[in-house]
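Undergrad: OK, TrEMBL features for this one:
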type	residues	note
BINDING	L12, S13, G14, K24, D68, D97	GTP binding site
BINDING	D97	Mg(2+) binding site
DOMAIN	9-160	domain 'MobA-like NTP transferase'
Amino acid sequence: MIQEKKSIGIVLSGGKSSRMGTEKGLVKWQSKALIEYSVKCLNSICNNIVISSNNEDYNYLNLPVIKDEIANCGPIGGIYSCMKNISADYYYVISCDVPNVPTELFKDLFKNIREADLIYAVDSKGKKQPLVAIYKRSCFLTIESELLNGNYKMMKLLEKIKAKEYLVTQDLKYYRDNILSNANSPEDLNNL
């Protein structure tokens, strides 16, 4: 009997959005809320999608909204809360502010994860993007330990687990200059 691996999409939208000045995921870009691009990216490749947020305004998406179990921990807290509440083999993680990430990038991440516990995108300038990534269930205890010890930095987490980088380069068919650009401010949004 073949057992299908379960994958959950996690769209992170729990930040303070201080530079944007309003709830970032709900900001309109090209006629849709930013979060809708991230949901669409994962829709065809995940069994289910959840929103990591403490804001009930995302209920309009008709997706489960999972609140932080531990407050003020940043993205690692959102990932932890989703992993704690939903069992899966793979967690496809994307932040709500990267509207140009194509589904094909996540397909490539999945093809290349192999023995790693986590695979994440790295842009052509070498910037690590642990919020465009696939986390295996095996990461959970390390994430929990980091949180309980007050370590909330994503880059520190990458040092503690078997993480693999996936370089997003111009030779990829789906590549475009702003593929991993995020919108933290109105100016960033205008430059997408």
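Here the Cβ of each residue, glycine as well, is placed from N, Cα and C on the backbone.
So that I understand the layout, could you describe where these features sit and how close they are to other parts?
TA: A coil conformation is recorded for D97 (GTP binding site) in the three-state DSSP classification, outside any helix or strand. For D97 (GTP binding site), applying a Cβ distance below 8 Å and a minimum sequence separation of six or more within one chain yields K24, G25, L34, N182, A183, N184.
Summed and averaged per residue, pLDDT over the domain 'MobA-like NTP transferase' (9-160) gives 93.
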